[in-house]
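According to Swiss-Prot, the protein carries these features:
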type	residues	note
COMPBIAS	334-354	compositional bias 'Low complexity'
DISULFID	CYS110-CYS187	disulfide bond
MOD_RES	LYS296	N6-(retinylidene)lysine
REGION	333-354	region 'Disordered'
TOPO_DOM	1-36	topological domain 'Extracellular'
TOPO_DOM	62-73	topological domain 'Cytoplasmic'
TOPO_DOM	97-110	topological domain 'Extracellular'
TOPO_DOM	134-152	topological domain 'Cytoplasmic'
TOPO_DOM	174-202	topological domain 'Extracellular'
TOPO_DOM	225-252	topological domain 'Cytoplasmic'
TOPO_DOM	275-286	topological domain 'Extracellular'
TOPO_DOM	309-354	topological domain 'Cytoplasmic'
TRANSMEM	37-61	transmembrane segment
TRANSMEM	74-96	transmembrane segment
TRANSMEM	111-133	transmembrane segment
TRANSMEM	153-173	transmembrane segment
TRANSMEM	203-224	transmembrane segment
TRANSMEM	253-274	transmembrane segment
TRANSMEM	287-308	transmembrane segment
Amino acid sequence: MNGTEGPAFYVPMSNATGVVRSPYEYPQYYLVAPWAYGLLAAYMFFLIITGFPVNFLTLYVTIEHKKLRTPLNYILLNLAIADLFMVFGGFTTTMYTSLHGYFVFGRLGCNLEGFFATLGGEMGLWSLVVLAIERWMVVCKPVSNFRFGENHAIMGVAFTWVMACSCAVPPLVGWSRYIPEGMQCSCGVDYYTRTPGVNNESFVIYMFIVHFFIPLIVIFFCYGRLVCTVKEAAAQQQESETTQRAEREVTRMVIIMVIAFLICWLPYAGVAWYIFTHQGSEFGPVFMTLPAFFAKTSAVYNPCIYICMNKQFRHCMITTLCCGKNPFEEEEGASTTASKTEASSVSSSSVSPA
């Protein structure tokens, strides 16, 4: 067996030499060199100093600028809140524990860190799903005479919380569990063991079907239909350069959004599934740590893609940061005017990442 299982932990290293110790009580420097833990702490610090400002700024400018408080932007605020959950509930804890080389907060701290990190990650994931559905409903109009309003937006936000809790809460009440993962400095769902009484197998299968494959299918379907609708509208107005430019912009945005989702979740899901289906096989602590980096980094690049690329949000952010004046206002205004001159069903603003 490649790993050593103990009470509420699994260390991916054989204990033949007798060096394996509980990750709740002893530094894990026998897994990787101490400098690697320092590097992990530095990376977490980078995510904190970049993830907190951009997500907090999103909330702040929305409060400050009334024109941003529209139903279609509710889900973006929810995404920012989800990222802040990851920053405060996951990144800060992992940075501190990495500096010590083990999970110093014990079993209770592992449950709390695992819960908040999972809750934030799942809220972010389902926010992207709801965002895709909302854009599909608004642009493709699968339901005739449908008008997206505040009640729909609130239901979408509530749905993300329900789905996130349906993933983050069960390990706290006996369906699977949270244990230190990778380099043993952060906690996540137990993919490693088949410990009797915690039903890891059924929970992992549930996770992959409900919280990975279904979101993946929904996002591909919604954005696929959206691109087809935009291309059809652009084909009807081939003589309009503005329409063609809008079509290219929408296609580019959709590709970026889908790739970002895959970069965030595919490595983590793939490695977790491999570990689950190959229990006892050879894999090191870095094998699980690196994919988790991709998922954690989403707290930084998701706001950049879904919020900062939106012209209205970007303008308000720059205005706020520059004390009420946007030095790029003429350029932004010219771009907005050009887009408004086109009386077309192709609207990059309604399908843009924000």
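Note: Cβ is positioned from N, Cα and C throughout, glycine not excepted.
Outside the transmembrane segment (287-308) by six or more residues, the chain places 12, 40, 43, 47, 50-51, 54-55, 58, 76, 79-80, 83, 86-87, 90-91, 120-121, 124, 128, 131, 181-183, 186, 188, 256-257, 260, 263-265, 267-268, 270-272, 275, 314, 317, 353-354 with a CB less than 8 A from a CB of the stretch. Contact between the transmembrane segment (74-96) and the transmembrane segment (153-173) is supported: at least 3 Cβ pairs lie under 8 Å, counting only residues 6 or more apart in sequence. For CYS187 (disulfide bond), the count of additional Cβ atoms within 10 Å of its Cβ stands at 33 [all protein chains shown]. Outside the topological domain 'Extracellular' (174-202), and at least 6 residues removed from its termini, the chain residues within Cβ reach (under 8 Å) are 3, 5, 8-12, 23-24, 28, 31-32, 36-37, 40, 90, 93-94, 97-98, 101-103, 110-111, 113-115, 117-118, 272-273, 275-276, 279, 285-289, 292.
Within its own chain, the transmembrane segment (203-224) is flanked in space by residues 122, 125-126, 128-129, 132-133, 135-136, 163, 166-167, 170-171, 175-176, 189, 191, 254, 257-258, 261, 265, 269, 272-273, 276, which lie at least six positions past its ends and keep a Cβ under 8 Å from the stretch.
Sorting each residue of the topological domain 'Extracellular' (97-110) by its DSSP state yields 9 helix, 0 strand, 5 coil. Each residue in the topological domain 'Cytoplasmic' (134-152) gets a DSSP state, and the totals come to 10 helix, 0 strand, 9 coil.
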